[in-house]
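Novice: What TrEMBL records for this protein is below:
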type	residues	note
REGION	1-40	region 'Disordered'
COMPBIAS	1-12	compositional bias 'Low complexity'
TRANSMEM	58-78	transmembrane segment
TRANSMEM	216-239	transmembrane segment
DOMAIN	240-292	domain 'HAMP'
DOMAIN	300-524	domain 'Histidine kinase'
Amino acid sequence: MTARDPSPAAASAPPPEAAPESTAAPAAPTPRKKRRAALATQPVERIQRSLFGEILDWMLAPLLLLWPMSIAITYLIAQSIANQPFDRALEDSVTVLAQQVSEVNGKAVARLPVSARDLLRADDIDNIYYKITGPNGEYVEGDVDMPQPPADEDRITLGTVQFRNDILHGSDVRIATLQVDLRRSAAQRAAQREPRIATVQVGETLEKRAQLANEIIKGVILPQFVILPVALALVWFALSRGLSPLSELQQRIRARRPDDLSPIDSGQVPEEISPLVRSLNDMLARLSQTIAIQKRFIADAAHQMKTPLAGMRMQSELALRQDDQDDVRRSLEQLAKSSETATRLVNQLLSLARAENQQSQSGGMVPLELNELARSVVQDWVPMSFTQRIDLGFEQPDHPILITGNPVMLRELLSNLLDNALHYTPHDGNGRVTVRARTDEGGGLAILEVEDNGPGIPVAERANVFERFYRILGTPSTGSGLGLAIVREIAQQHEAIVEITHNPRSNDPKYPGSLFRVSFRMMPRTPFFDDIT
């Protein structure tokens, strides 16, 4: 196949007109632009995250967020607790004071002794205030500037103490309010149907309440300042202990020898780390298999290359000692044959290593059409069969055969089967090799067959020919013994079955021939199948 020439139109197209050159000199980059360009070209370093720090952050973040909220809630609860005893004291005071209020000559009066007034105001911390107003809001006794209940406040139930917060003389006060009916007797209530209500208020500042609330808060919060560092230390210790299996696993892996690829014992790690250890063991198994393949390849290559290289050296030394041109030519011909044998051996060793490596990786599997692949490989081998005077043919059904496989490896498989067949089939003009693609009667298997009319393979030897470097005793033809081993490796990679039998179409007892059959699982027929075909 020759390279396509460029089109004349493209070759003759005039070059684009050059833009007129600017006479102004380009502006020199500023130092800031240079720094930006340098920063843009620098690789961004990824910050390695700490599992310990990340878990610690996720544990401490809610704790540090909830702790101020708990302090605020504790403060509100402490205030509520502190209000209760002092509210009861205010309630008692306003109740006792209300009992001293009565009506005389249609006016509200308070018969409060001086000692009672002094006792009412006897408080070393808070200021106590009281005020009594009559039915019409007239002042009766107490602190004149004490505020009245707000007009929009809900109606106060008669005889029930109500509490409110207010401000008096610039200080916050707690005020207890009680309304009483001045009609004490039944006769008074009968004479005056409308209630005669007097309002009694007793208030105090909030110093004692604040002190009690602070004491409650101190009793709750101060221990937390001791507990919190201890809790942080315990969390730190617990995390260190919890993550210690990771450190132990790291030490066990680091203590291993470079050639130790044995599985890691997953029974000594927590359940959460077991998937990681299993994945690591899978990787070690694949790595061990790859290294074993490489070692086997090196050993096989070293062992098998000894004979060809020794022969080439002997032939070259012999050619150097020969004086006769015919003897030199014969030695060089033998040297060329040895070189060809060594080249073929190296190629097959590389193919075998590639097949084994593909099997360990199980990659490159794609849907492909078997007829098309087999026809392409057969066409590549036609020149070789023509040179060896062998009739090479290909048979296929009318319908497509779709399988899943690695096209490169499958071409290698069929090439080795063809190489084996052409190698052992007689080169006298009567040799026949046929490649056949078909399906089984049930339509579930795709079958690839290679048959020849060569000497065949004895039944007792058919299981052994797939071993590396195995040669049937008495075989006159030279070979490396690797071709069928490659076929087996690739077939196993594709979960295919390889069978050997005699050629049922051969009638010559001397040349019963061989039939190699490789059976693949077909892909089910789907719309994707129709798109491929």
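Glycine residues also receive a Cβ, built from the backbone N, Cα and C atoms like all the rest.
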Novice: Same chain, outside the transmembrane segment (216-239) by at least 6, Cβ under 8 Å from its Cβ: which residues?
Specialist: 52, 55-56, 59-60, 63, 67, 71, 74-75, 78, 81-82
Novice: Between 0 and 100, where does the mean pLDDT of the domain 'HAMP' (240-292) sit?
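Specialist: Per the prediction, mean pLDDT sits at 84 for the domain 'HAMP' (240-292).
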Novice: Using DSSP, tally how many residues of the domain 'HAMP' (240-292) sit in helix, strand and coil.
Specialist: 36 helix, 0 strand, 17 coil
